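Input: a single structure, listed below in C-alpha cells.
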C-alpha cells in the first residue's frame, strides 16, 4: 500500500474513533463506527491474498450486522424517548439491542467466533490494530450507557467470554490466535467490572492495550507467527525472546507483572460488592489463560520442540524496523505494579 493512501486510511480510522469518543449524539456515534469500519477493511487486506480477503469479508459482515442492530436500538430509543442524547435514560429493549451490537463489535462471547479467524487471516500489524485500537470505540459507548445496561445480560456474556477465552487458547499453535483468545478473555474481565466500577474498566483497557501492543511489536520485530518459530528464536534474538516471554506472562496475569493489576483490582472490587462466586470463577478461569502462556514460556525458554539440526540455527539479518516506542511500552507492560496504590483515587 502506497504511503499517501495509507495515511488517508489511517486518518479516517482515527477520525472515526475520535467521533465516537467525543460525540453525545447517537447518529454521530453511528457515523463514527461506520467510518471506522469502512476504513479499517483496506488495512486488513494490506497483504492481498485469499486468507486476508476472507478475513476482511468476515469482519465486514459481522460489523455490518452489529451496526444494523445498533441503529435499530437507536431508532427504538428515539421512538420511546424522543431524544438522540447518549447519556439519557434508555428504553430497556433499545439498551439490550445496543449491548448486543457493541458485544458483537468487541467480540464478546457468544459473538466471538469471528475474532480468532479474522486475526489469523491478516498480518501482524493489522492484527495489532484490530485487537487494540478497534476496542476503544465500542468500550467507550458501553462506558457511557453502563447505568442503563441489563447487568444479567452483560455478566452472562462476560462469564462466557472469560471461559471461552481461556478454553479456546489451550490447543492453539498460532500466536495470533492465542492473542485473539486472550483478547476475548480480557474483554470478559472488562465487561464484568463495567457494571460496578466503569473507571476501573478504563484502567484495565489501558493496561491491556499496552501489553498487546508490546507483544505484537516484538512479534513483528522477530517475524514470528507460530509457537514453533518462537521456540527457535532463542539463538537469533535471545533478549527479544526473553522480553516476549515476560510480556506473555504479564498478559496471563502472573504477579508481580503489570497484567496482575487489573485482575487483582477487579476481584477486590467484586468482593467489596459482596460477590463471592463471580470473583472465584474469574480467578479459576484466569488459570486457563496463564496455563497456555506458561506452556509457551516453558517450550521457548526451558526446552525445544522436536526439530532437525538445520532448523535450529536461523540467519540473523540486521533489523531496520523502528522501535522508538517499544522500550517504554515494555517497561509499562511489565513493571507497573509498584504504582498500584495510586489507583486508590479511583475508588
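Count begins at 1; order follows the chain as displayed.
Placed from the backbone N, Cα and C atoms, the Cβ positions cover glycine too.
Here Swiss-Prot flags 3-23, 25-45, 59-79, 96-116, 122-142, 153-173, 178-198, 200-220, 237-257, 274-294, 325-345 as transmembrane segment.
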State the non-local partners of the transmembrane segment (237-257) in its own chain: residues 6+ outside its ends, Cβ under 8 Å from one of its Cβ atoms.
179, 182, 211-212, 214-215, 218-219, 221-222, 224, 230, 263-264, 286, 289-290, 292-294, 296-297, 300-301, 316, 330, 333-335, 337
Check the transmembrane segment (25-45) against the transmembrane segment (122-142) for contact, please; criterion is three or more CB pairs under 8 Å, pairs 6 or more apart in sequence.
yes
Maximum Cβ pairs under 8 Å to the transmembrane segment (178-198) - stretch from the list 59-79, 96-116, 122-142, 274-294:
96-116
So what's near the transmembrane segment (274-294) in sequence-distant terms, Cβ-Cβ under 8 Å and 6+ beyond its ends?
155, 159, 162-163, 165-167, 169-170, 172, 178, 182, 185, 189, 192, 248-249, 251-254, 263, 266-267
Are the transmembrane segment (3-23) and the transmembrane segment (200-220) close enough to be called in contact, which here means at least 3 C-beta pairs under 8 A that are separated by 6 or more residues?
no
Residues of the same chain, at least six outside the transmembrane segment (59-79), with any C-beta under 8 angstroms of its C-beta?
26-27, 30, 33-34, 37, 40-41, 44, 90-91, 93-98, 100-102, 104-105, 111, 114, 118, 130
Can you work out which residues elsewhere in the same chain, 6+ from the ends of the transmembrane segment (325-345), have a Cβ less than 8 Å from its Cβ atoms?
203, 207, 210-211, 213-214, 217-218, 221, 243, 246-247, 250, 255-261, 264-265
Any residues 6+ beyond the ends of the transmembrane segment (122-142) with a Cβ under 8 Å from its own?
13, 16-17, 20-21, 29, 32-33, 36, 40, 43-44, 46-47, 51-52, 55-56, 59, 86, 98-99, 102, 105-106, 149, 176, 179-180, 183, 187, 190-191, 194, 201, 205, 208-209, 212-213, 216-217, 219-220, 225
